[in-house]
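Visitor: Quick paste from TrEMBL:
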type: DOMAIN; residues: 404-503; note: domain 'Calx-beta'
type: DOMAIN; residues: 517-616; note: domain 'Calx-beta'
type: SIGNAL; residues: 1-30; note: signal peptide
type: TRANSMEM; residues: 98-120; note: transmembrane segment
type: TRANSMEM; residues: 156-177; note: transmembrane segment
type: TRANSMEM; residues: 189-210; note: transmembrane segment
type: TRANSMEM; residues: 222-245; note: transmembrane segment
type: TRANSMEM; residues: 251-271; note: transmembrane segment
type: TRANSMEM; residues: 762-786; note: transmembrane segment
type: TRANSMEM; residues: 839-857; note: transmembrane segment
type: TRANSMEM; residues: 869-891; note: transmembrane segment
type: TRANSMEM; residues: 912-934; note: transmembrane segment
């Protein structure tokens, strides 16, 4: 669907170009040649009150116009005029005009391709990042990766220069080509491009938004500032041409025009950073009918739940707020994908989410400009690069998170001797158990080590048999074992422990930890005390199944049933964990059991909820079939079924009535210990959290625009790719016939500009300077061809500029804005940058050219003459219509539409048609004034 729309739109633009060409040629051939002669212009000039110096310069400028008295076109700066030029028929002129026209289109494609390289360099330069340590109000520190360049400053400086480089350079080059005389082609292109950008591009962006959707300008303050400067720029042109110093430009006017450029950047930056008066224009917060906090900048409302709003207000910096916003968007996207693809594992979803984050995330105008150009000429597919980048990012991050940092590696040459394991738990009735001692390192030698038991709460002779000895490790042997005997009795007592210590290891062996083993003796003359080993547990939601350990101590005789169940806290059963309820069955001499609880993974970033696991009172199993030892008749009777009744009978007696047998029975019954309730706190997965943080930091679409080598550039230049996005279905898109045609048509430009240095060299700056030089050369050729085109057909430079050159240089921006309007969540990339670019065009393109020319003429003792006529009229007409266009955008923010772009079908088409009509009126009326059909200045 998207590619079909792109092809339809491309066909529309070509038809529009041809229609303009035909209309202009017809108008030219039908016009009366005498009414447009140079003598008429000279007569008008002499009627005005200009001084003699200016008359001399102005007359010279008109006499050196594109067509001399014999109808001969002068040679251009780079391209000579087509010879012969005299005695040409109308058919010859039209044929030559068509050749110039198609050559001009081919040159427009070339300058678009080299601008692709230029914009990639700008994107790499402005996307430089740095790590910033953010300290939250709770004292927590977090490292956030932020861009070095402020977004607004980047858009108004390098980005604007990149998107408008042909228009700006054309104005400057034309001034040099005409030997510091004023020309119509450069300034006319700038004004015509501004009109096309403001009326046609915005009209298109309004219409292409899918039905039922809207796009709103997010940074409204910056938009107001740049919109004001964009209108003021053309008002200022009118003032210096027709009011302050009519017919001439003085040095201070040119310098001031140029100085408005840094003023624009500075005021936009102040608005963006909320400095000076803007800090008092704070955001308003209110609660809507649904109980949701609404944050609004103007009418740009953003909804979030109460907790998110609290987090946002608590952030201490713009960087932290932007990072949190991107993080929340990523988590929301991941949840959507989990619901959409429930069978996919988390890693697959993370890759898809990262790809969509890069795809959805804020992109610069450079990204959309490059994407539009590459689609237009069948070049490299950026979307495929995004998919590859998402996969590589995820793999790299997973590898980083799984990597274990080892500061000091153990020297394998050192021979170490130690217990393995260092802790033993045995039953009192076990008889004896085995202790294991191992050695690690160089096993080629002979090693001896002494061992000896040591009392703890258990005493040698009454609880265990003390022992000491020497262990011998022959060459090649890495472990030795010895046995310790445990003494069993029929006296109920608490669990006890003792130690086994290693000493006197022979050289070169050394004793390593654990060199002391702890042995815990569990009394088995009691049914046991049952307790959860930990009262508090902290686990990540990605754990899957978490096991809560229940331990039986102070006895392990008999088969015991222990009830357990889960209980909700802030965590809810079925949402955060799987509820459990049942009984643990402890067999005779069994001391440990686990309660398995399934944890449901939601993919939450900052999760912190709790629930509980409880155990009840243990009871003897009624079908107790425990093994009994004949030596202990009392306990044989005690653990028989009839003795269970004896315990129950003893429990019903008062303490005064208990017999010794009853007391012994009560001592032997199973009991619940101190910890019968465990709190389980579910927090976010650290790996998931770190993955999100790193992926959000890497969700930078600009990284896929650069190139790392000449080889990569030539491979891209020679490869035909489809503009269709078949990657989502996992299919490789097949280039169409149109892709191949455009590829071979533009192959010359692709190969030529593949020689431009890759963006990875010198941080993109070398690519930047080489690209802008290449743009200057191609633009100079465009200026010559456009001049020859107009001269051959008798079309004035002012008309050629606004009807053809402005349109040709703005085609890539048209496609870029269209894609940005559809893909971006906000309208800043598609609409907001238009106003800033229009202002920068005047302040740089005209400001630099006129400043240099004015200084040159001042040094020569002359006046730099600029005829106010067509340019002043065109500027006045544009300013009038610009006020209307901006007013329409503001009215569209009302409740009936709610945003600058999109909205109800009828309203959006009416708005788009009206803005497009403003452009048609502009070019028609400006052309009529240029030919003197209507009177201008």
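Using the three backbone atoms N, Cα and C, a Cβ is placed for every residue, glycine included.
Tell me about the setting of these features in this model.
Guide: A Cβ distance under 8 Å defines the sequence-distant neighbours of the transmembrane segment (98-120), meaning residues of its chain 6+ beyond its ends; these are 17, 21, 159, 162-163, 165-166, 366, 369-370, 373-374, 376-377, 379, 705-707, 745-746, 749-750, 752-753, 756, 759, 764, 767-768, 771-772, 774-775, 778-779, 781-782, 785-786, 788-789, 792, 804-805, 808-809, 811-812.
Tertiary proximity for the transmembrane segment (156-177) is limited to same-chain residues at least six positions away from its ends with a CB under 8 Å from its CB atoms, namely 76-77, 111, 115, 118-119, 122, 125-126, 183, 185-187, 189-190, 193, 226, 264-265, 268, 364-366, 369, 772, 775-776, 778-780, 782-784, 805-806, 809, 813, 816, 833, 836-837, 840-841, 844-846, 848-850, 852-853.
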Visitor: Taking residues 6+ outside the transmembrane segment (189-210), which of them lie with a CB under 8 Å of any CB in it?
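Guide: Hits for the transmembrane segment (189-210): 5, 9, 164, 167-168, 170-171, 230, 234, 237, 801-803, 805-807, 809-810, 813-814, 817-818, 820-822, 827, 830-831, 834-835, 837-838, 841-842, 845-846, 871, 874-875, 878, 881-882, 885, 889, 892, 900-903, 908-909, 911-916, 918-919, 922-923, 926.
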Visitor: Using DSSP, break the domain 'Calx-beta' (517-616) down into helix, strand and coil residues and give each count.
Guide: 3 helix, 57 strand, 40 coil
Visitor: For the domain 'Calx-beta' (404-503), what does DSSP give as the number of helix, strand and coil residues?
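Guide: With helix first, then strand, then coil, the domain 'Calx-beta' (404-503) has 0 helix, 51 strand, 49 coil.
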Visitor: Six or more residues out from either end of the transmembrane segment (222-245), which same-chain residues have a Cβ under 8 Å from its Cβ atoms?
Guide: 152, 156, 191, 194, 198, 253, 257, 260, 263-264, 267-268, 271-272, 828, 831-832, 835-836, 838-839, 841-843, 846, 866, 868, 871-872, 875-876, 878-879, 882-883, 886, 937
Visitor: Taking a Cβ cut-off under 8 Å, which residues six or more beyond the ends of the transmembrane segment (251-271) line up next to it in the same chain?
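Guide: Result: 150, 152-153, 156-157, 221-222, 224-226, 229, 232-233, 236, 240, 244-245, 278, 836, 839-840, 842-844, 846-848, 850-855, 858.
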